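This is the structure I have questions about; it appears just below.
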């Protein structure tokens, strides 16, 4: 009698297919008018605000980019030798910055999560300093450290390594803050079980930890890359803006504006926006695929 009551009160186990279907239902957006949705008014206000802040400025910039000669004028502006050189320097340096941040950002996140040491809270707070510090101040600090009057005897201003250092500084938090919460939520019991079965640290990291860290690592590195290709303030002093060597796309855009060639500046700006949008779109697709795999 007691056993039958107990079995009756126990909910039946759900199959993986039922669990997946339930999760998909929970993730389905609410229709307009349902409880918890913003309704048509909320949707309208959101789209209006998005249009004013994002879409209209982008439309105006794109129109300006094609205002001088249409597609041919746009192509001529983007393929002008100095424009191509600036884009090439920007993409090359940004790629290096993304790789450097992926390696050292992951290492810093690991140390902050897995190790205990004096001043850990201070270091953790220090990671966000590049977000709060004006980028022109970062350029001034780096110029004072690595400029002609360098106190450490290292003069690299006006070189691509200076660009890498400046851009790495301002993009450091992206990878650290993307990887850190994943490490915090990682189940240590799985690692301990693997170790008890004879797996060494390298095998545990390669087969258990790294696959989990890869999505946030790629996301953080992609955001660092996207931020670096549009950065101006942190490189304006330390970089030197030498055409073909250290002049990045943002500096070339400013040069065209000062030379009263706004259509050329707009054309290069649209090119940067297209590259950034493509990177963010790829990151979004990767994120959605990982979410589906996690269901």
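Cβ atoms here come from the backbone N, Cα and C positions, even for glycine.
Below are the features listed in TrEMBL for this protein:
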COMPBIAS  1-20  compositional bias 'Polar residues'
REGION    1-31  region 'Disordered'
COMPBIAS  21-31  compositional bias 'Basic and acidic residues'
TRANSMEM  41-60  transmembrane segment
DOMAIN    87-283  domain 'ABC transmembrane type-1'
TRANSMEM  91-113  transmembrane segment
TRANSMEM  125-146  transmembrane segment
TRANSMEM  158-179  transmembrane segment
TRANSMEM  208-229  transmembrane segment
TRANSMEM  264-286  transmembrane segment
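For the listed features, I'd like the structural context: burial, neighbours, distances.
Within the chain, the transmembrane segment (91-113) has long-range Cβ neighbours (under 8 A, six or more residues past its boundaries) at 120, 123-124, 127, 160, 163-164, 167-168, 171-172, 174-176, 178-180, 183-184, 213, 217, 220-222, 224-225, 228-229, 248, 275.
Through the fold, the transmembrane segment (125-146) approaches residues 108, 112, 152, 154-157, 162, 165-166, 169-173, 176-177, 231-239 of its own chain, all at least 6 residues removed from its boundaries and within a Cβ separation under 8 Å.
Residues 90-91, 93-95, 97-99, 101-102, 105-106, 167, 170-171, 174-179, 181-183, 186, 190-191, 194, 249, 272, 275-276, 279-280, 282-283, 286-287, 290 of the same chain sit 6 or more residues outside the transmembrane segment (208-229) yet have a Cβ under 8 Å from a Cβ within it.
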Mind checking which residues of the chain, 6+ beyond the ends of the transmembrane segment (158-179), have their Cβ under 8 Å from one of its Cβ atoms?
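Beyond its ends, the transmembrane segment (158-179) has Cβ neighbours at 89, 92-94, 96-98, 100-102, 104-106, 108-110, 112, 127-128, 130-131, 135, 138-139, 142, 146, 213, 216-217, 219-221, 223-224, 227-228, 231, 234-235, 238-240, 242, 245-246, 248.
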Same chain, outside the transmembrane segment (264-286) by at least 6, Cβ under 8 Å from its Cβ: which residues?
58, 61-62, 64-68, 73-74, 77-78, 80, 83, 86-87, 90-91, 215, 218-219, 222-223, 225-226, 229-230, 249-250, 252-254, 256-257
